[in-house]
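The structure appears below as C-alpha cells.
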C-alpha cells in the first residue's frame, strides 16, 4: 500500500512540474498525444494481460518453480519478438500515427506545423519505452503470482521519480523532451526493479513458445485485446476532438485525469490487485464462500475510501486546482479548464473504483469475455454522449462522455455478475455502501460550507501558495474529522479494521 501511495503522489508531482514548465500549451498537447500513443500500444500488446491472463494463469504454477521460470522465460521471448516489432513499426510510421490521432481535430492546421512536427519527434522518442514496459509487465505478473507485492507496488514510483528528476534537471535545457527521457529511463528502471524481486526465481529463456500455459494466456487475452482495441478507437477519437476543440483541452484533461487517477489508484489498485491472486485461488478451488467473502471485503474497503475521496475532492476542487496547478506557465484560464474537467471526471472515478473490483472478480474466474463485451458496450455509450455534447459543451462534453462510459460499465458489470453468480458479495456490502455514502455526503456539505465561507473573504487564486495550501489542509482536516465521526456513529466494522491497520502501519 505504501508503494501505491508513493507512486500516486509522485505521479501528481510529475503533473505539477509539467504544468509549471509548460502549462496547457501546445507543447503539452504534443507530449500528451505522444504519451497516449505509447500507452495505447502498451495496453494493446500486453498491459491488459496482467490482471486478465498473466496473474491468474501464472498463479496456478507458483508451486512448480522450475516450470514457472520456463513459462516466464517463454513469455519474455514472445515480448521481444512481437513488441519489438510493433515498436519499430510505430516509430517508422510516426507521421501517419500522429495524423490519425489529430486529423478530426484539424491536424496540423489546428495547432501549427511546429507542434505537429514536435509531436512526431516525441512519438519516435517515446515508443521504445513500450518494450521495457512489456518486459517489466511479465516480470511483475510473476511477482504477483508468487505473492510478492513489494516490487510491483514500487514500480510506478520508480517510473514517476525518473520523469520528475529528468524534468527538473533538464526541463530548462531540452524542454518537453525531458519528460520523454524520463519515461524511457523509468521504464528501464522498472525492469531492473522487477528482476531484483525475482533474483531467486529468474526466468529461463527458451523456445517453448507454445507451452500450454502460454496458449491459455493468449486464449484468455484474445477477447481482452478486442475490448482494448475498442477502447483504443474511443481514445483516438477523444484525442482527435480534444486536439481541436479548445487550446487548453488536452492539457486540462491531462491534469484533471492525474488527480482522478491519484484517487482511483490510492483506493482501488492496491485493494483489487492484492486480492486478485486470492480470488483466483478461491475460484480455482471452487470455494464460493471464501470467494464471495473476499469480493465483499474488496467492495466494502473501496466504498469506505472512494466515497469520501471523490466527494471530498468535489468540495475542495477549486482550492486544490489553484494550489496544485495555478502557477508557472498555467494561467487562470488554464486552471479553470482543469477545474471543469476535474468535476466532470469525478462521478466516473467513483464508479471506476468499484468497477475494477468487479472486473477482477470475473478475471479471477478466468472469464475475460464478460468484461470485454461490457467494455465494447460502454465505448458505444461514450461515443453517443461525447459526440452529442462536444459541440454545445466543448471539452466538458468529452469529459462527460468518459464519465458516462465508466458509469455504464460499472452498472452493467454488476448486473451481469449478479445474474451469473447469484449475488455480488454478501448482505453487509449494501450496509457499508449506505454508511459510507451518507457519511461522505455530510462531510462534503460541511467542507463546502467552510470553503465557501473562507473564500468569501480570501479568494484562493489571489493568495500565495502557502495560503492556498493552508485552505486545502484545513478542508482536509475538517473532512477527515467529520467523516470519521459519522462512520463511528454507524459502527462500521470495516472502518475500525482500517483504523487499526493504519495504526499498525504507523507503529
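Using the three backbone atoms N, Cα and C, a Cβ is placed for every residue, glycine included.
TrEMBL annotations: computationally assigned, not manually curated.
Among the ranges 152-173, 438-459, the one that TrEMBL lists as transmembrane segment is 438-459.
Contact between the transmembrane segment (301-326) and the transmembrane segment (125-146) does not hold: fewer than three of their C-beta pairs are under 8 Å, each pair 6 or more apart in sequence. For the transmembrane segment (338-363), the partner stretch with the most Cβ pairs below 8 Å, chosen from 176-196, 370-390, 396-417, 438-459, 465-486, is 396-417. Through the fold, the transmembrane segment (217-237) approaches residues 36, 40, 43-44, 48-49, 52-54, 56-57, 75, 100-101, 104, 366, 368-369, 371-373, 375-376, 379, 382-383, 386, 405 of its own chain, all at least 6 residues removed from its boundaries and within a Cβ separation under 8 Å. Through the fold, the transmembrane segment (125-146) approaches residues 34-35, 37-38, 41-42, 45-47, 49-50, 54-55, 58-59, 61-62, 68, 72, 75-76, 79-80, 83-84, 86-87, 90-91, 94, 152, 155, 177, 180-181, 183-184, 186-188, 190-191, 193-195, 197-198, 201, 203, 273, 276-277 of its own chain, all at least 6 residues removed from its boundaries and within a Cβ separation under 8 Å.
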